[in-house]
Amino acid sequence: MGILGLSKLIADLAPQAIRESEMKHFFGRKVAIDASMCLYQFLIAVRSEGAQLATVNGDPTSHLMGMFYRTIRLLDNGIKPVYVFDGKPPDLKSGELAKRAERREEAEKALKAATDAGDDAEIEKFNRRLVRVTKEHAREAKELLSLMGVPYVDAPCEAEAQCAALVKAGKVYATATEDMDALTFGSTKLLRYLTYSEARKMPVKEFSYDKLLEGLEVNNREFIDLCILLGCDYCESIKGIGPKRAIELINNYRDIETILDNLDTSKYTVPENWNYKVARELFIEPEVADASAIDLKWTEPDEEGLVKFLCGDRQFSEERVRNGAKKLFKSKHAQTQVRLDSFFKTLPSTPNAVNAAKRKAEEAKKSANNKKAKTSGGAARGRRPK
């Protein structure tokens, strides 16, 4: 699910935090990619085109086709991907997973009704809703990546949290996922649409964590509380509070505890035994592998291994697989050009650095308001101190 309404809220209140670019803009960058999100995209994309690639036994192979050719495209554009796979979900996610199971059951019933009625459009719609990434899909994708010479990481828990840890440790430039909670986990850069197909012509949308904090006028802890109010995977949200009201409450009261002390409970219903504190801690201290100890290596592709893995039962064209392997080899040896900014060391962002920048911006804003008040004869309207 990610964070409900966060993307639009940032676009409305902190547009300077979003930049749209072509893929080639990220030449020379290392990027941590949410593998499960990619595999899901690949599985549903082929369905939407009216075909399901499969082995001779009927097992789907569209996830492998997508992973193979999309990864080659990234490397062709000078991007060095590292795929991060989900581990076990946190206990707090059990409620969200139960809701997904209910929606899946409803989709199965709707699919049966559509099939009985012969409604092709509805059949396709509910078939897509029933697509899910399995452990076998992930296992096959890892084997493929190893043969391609592309690194992957097994996260102990949530992939987005592990991606964010890699970014904060300076191992990669950004997290690539469609789930906005990568920002809540503290990824300083988030890339959306990076793994979309070229045919969709979607520019890559880059979110800057520091700029969104500045635009929303919050620090990192307040941003986490905002995301919990908006709606996340780990606890319920307060009914009746939408994005606009959520940011107003955070700007006025700065944390959920103070919001609850001042909330009009005749208007808003707070969930019983609300686990927002545990959800907050999960975002602050997620279960991740030590990013500083992770060694990312891009190696030579195994052409014969790729042919053996993808052809035969999986029915990939040997000619196309060998051409793909040649592109992998070429990209591995062609990246001699470097980004100018790679000559300068960029220190990872810290909460103190973000808060210092925020204080500086507030002081400048306050100074400007005071000058305006003196010239107009009126009083400047201040904000509640943090």
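We count from 1, first residue shown onward.
Every residue, even glycine, has its Cβ placed from backbone N, Cα and C.
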Task: From D34, D119, D120, D210, the one annotated by Swiss-Prot with D86, E158, E160 for Mg(2+) 1 - done: D34
TODO: From the ranges 273-281, 309-317, 336-344, pick the one that Swiss-Prot records as region 'Interaction with PCNA'.
DONE: 336-344
Task: From D154, D225, D233, the one annotated by Swiss-Prot with D179, D181 for Mg(2+) 2 - done: D233
TODO: May I have the DSSP-based helix, strand and coil counts for the residues of the region 'I-domain' (122-253)?
DONE: 69 helix, 16 strand, 47 coil
- [ ] Could you tell me which of these binding-site residues, R70, D86, E158, D181, has the greatest number of Cβ atoms within 10 Å of its own Cβ?
- [x] E158
Open item on the list: Measuring Cα to Cα, how far is G231 (DNA binding site) from E158 (Mg(2+) 1 binding site) in Å?
Closed with: 17
Open item on the list: Given a 10 Å Cβ-Cβ cut-off, pick out the one of the binding-site residues D34, E160, D179, D233 that has the most other Cβ atoms nearby.
Closed with: E160
Open item on the list: Within the region 'N-domain' (1-104), count helix residues (DSSP H, G, I), strand residues (E, B) and coil residues, in that order.
Closed with: 58 helix, 17 strand, 29 coil
- [ ] Just give me the nearest neighbour of E160 (Mg(2+) 1 binding site) among the binding-site residues R70, D181, D233, Cα to Cα.
- [x] D181
Task: Integer Å distance between the CA atoms belonging to D181 (Mg(2+) 2 binding site) and D233 (DNA binding site) - done: 9
